[in-house]
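So that you can see what the record holds, here are the features copied from Swiss-Prot:
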type: TOPO_DOM; residues: 1-67; note: topological domain 'Extracellular'
type: CARBOHYD; residues: 25; note: N-linked glycosylation site
type: CARBOHYD; residues: 35; note: N-linked glycosylation site
type: CARBOHYD; residues: 50; note: N-linked glycosylation site
type: CARBOHYD; residues: 55; note: N-linked glycosylation site
type: TRANSMEM; residues: 68-88; note: transmembrane segment
type: TOPO_DOM; residues: 89-114; note: topological domain 'Cytoplasmic'
type: TRANSMEM; residues: 115-135; note: transmembrane segment
type: TRANSMEM; residues: 137-157; note: transmembrane segment
type: TOPO_DOM; residues: 158-165; note: topological domain 'Cytoplasmic'
type: TRANSMEM; residues: 166-186; note: transmembrane segment
type: TOPO_DOM; residues: 187-207; note: topological domain 'Extracellular'
type: TRANSMEM; residues: 208-228; note: transmembrane segment
type: TOPO_DOM; residues: 229-233; note: topological domain 'Cytoplasmic'
type: TRANSMEM; residues: 234-254; note: transmembrane segment
type: TOPO_DOM; residues: 255-273; note: topological domain 'Extracellular'
type: TRANSMEM; residues: 274-294; note: transmembrane segment
type: TOPO_DOM; residues: 295-305; note: topological domain 'Cytoplasmic'
type: TRANSMEM; residues: 306-326; note: transmembrane segment
type: TOPO_DOM; residues: 327-336; note: topological domain 'Extracellular'
type: TRANSMEM; residues: 337-357; note: transmembrane segment
type: TOPO_DOM; residues: 358-410; note: topological domain 'Cytoplasmic'
């Protein structure tokens with residue numbers, strides 16, 4: 001009989017549960033609990049347990065750090081693929097328009113014969129797949145805000161390949177988005193709170209999350225059934241609020257399905273778990289609702305307003321849902337929480353500058369020339385003020401006049 005191993009906190013100790021063990025030869029073993037008995041007190045046993053606990057803690061920390069880096073790479077890769085896909089598809093559509101084919105906006109489907117458009121579509125598919133996989137390795141608090149990088153990459157590539165002008169506001173917005181993303185990566189949660197479907201099920205049964213889900217569902221139904229038919233065409237926040245509220249459930253479902261796929265790769269019988277099918281149904285329903293109302297928002301209101309507002313609302317709801325469901329913030333220090341929020345708000349400002357002023361044609365040379373003109377006019381006004389002040393000081397006062405006339409009389 002080998003050394004006894006103590007399960008880490010949070011792992012269930014019950015018959016039939018499968019757990020992972022890291023072996024000394026850099027391999028991994030899967031063990032199934034077949035018998036549960038009471039622990040007998042023994043000094044030697046406690047020594048072995050402490051040794052095992054230390055080894056498990058070290059291996060768990062290494063695995064968590066590795067998973068975080070994998071999730072980060074997948075999230076950034078997703079943004080690159082998705083941001084590039086917009087440029088590739090737009091380039092393909094422009095080539096078709098230059099050849100005289102019917103445009104897609106006019107009901108044409110000739111883009112299906114354009115290879116560049118298909119490359120863009122495949123790039124978007126690869127980006128969505130990478131984003132899906134990122135949720136299985138990294139916290140949603142980190143993965144979701146990094147989606148702003150796709151907007152940044154699309155804006156930069158469009159200025160080079162589509163000859164679209166990127167003004168000074170857009171460049172500042174890109175810099176702020178990069179800085180905000182970097183800050184969020186530095187202060188992101190380092191450990192995953194949910195690593196198995198069993199843990200996911202326990203989190204979903206938490207009273208706090210159940211209350212949150214009920215409140216979100218009620219608000220969404222009120223917006224869909226009552227508010228949207230009356231105010232949807234005049235208030236931009238109605239459609240975007242529906243997309244954002246439902247989006248919290250879609251990201252949570254993606255997170256759970258990502259964990260299920262990871263366990264399936266590890267040859268665990270996840271298909272027997274009913275939670276997988278529940279998460280899949282919630283994902284399909286929430287994504288369908290999101291696409292429907294996001295299309296309504298884009299068709300009704302200006303895209304430059306819809307995009308930044310939707311990003312802020314959607315990301316805020318995802319971060320809130322992650323804090324309640326996965327409790328990713330509980331293990332973070334106050335400095336990391338402040339850093340994460342600061343990075344998020346910096347990204348918001350960058351996205352706002354990138355979209356809100358994209359039609360404003362202002363260059364850096366115009367700003368510098370305007371500043372020089374203001375400085376010159378300010379100097380002229382100061383010189384006039386000094387000249388008037390000197391004239392006033394040099395003019396004879398009333399007392400001087402009295403003294404002058406009195407001397408004359410003498």
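Yeah, the Cβs are placed from backbone N, Cα and C, and that goes for glycine too.
From a predicted model like this one, the values you see are computed outputs, not experimental measurements.
Taken together, the residues of the topological domain 'Cytoplasmic' (295-305) have an average pLDDT of 72. Between the transmembrane segment (166-186) and the transmembrane segment (337-357), the number of CB pairs under 8 angstroms, six or more residues apart, is three or more, so the stretches are in contact. A contact between the transmembrane segment (208-228) and the transmembrane segment (234-254) is present, since 3 or more of their C-beta pairs, 6 or more residues apart, lie under 8 Å. Within the topological domain 'Extracellular' (187-207), the DSSP-based counts of helix, strand and coil residues read 10 helix, 0 strand, 11 coil. As a quick check, the transmembrane segment (234-254) and the transmembrane segment (306-326) clear the bar of 3 or more Cβ pairs under 8 A, pairs 6 or more apart, so the two touch.
The list of residues near the transmembrane segment (137-157) in space but at least 6 beyond its ends in sequence, with Cβ under 8 angstroms from a Cβ of it, reads 67-68, 70-72, 74-76, 78-80, 82-84, 86-87, 127, 131, 166, 170, 173-174, 177-178, 180-181, 184-185, 188-189, 192, 251-252, 255, 258, 262, 307, 311, 314-315, 318-319, 321-323, 326, 328-329, 340, 343-344, 347, 350-351, 354-355. Tallying C-beta pairs under 8 angstroms between the transmembrane segment (115-135) and each of 68-88, 274-294, 306-326, 337-357 places 68-88 first.
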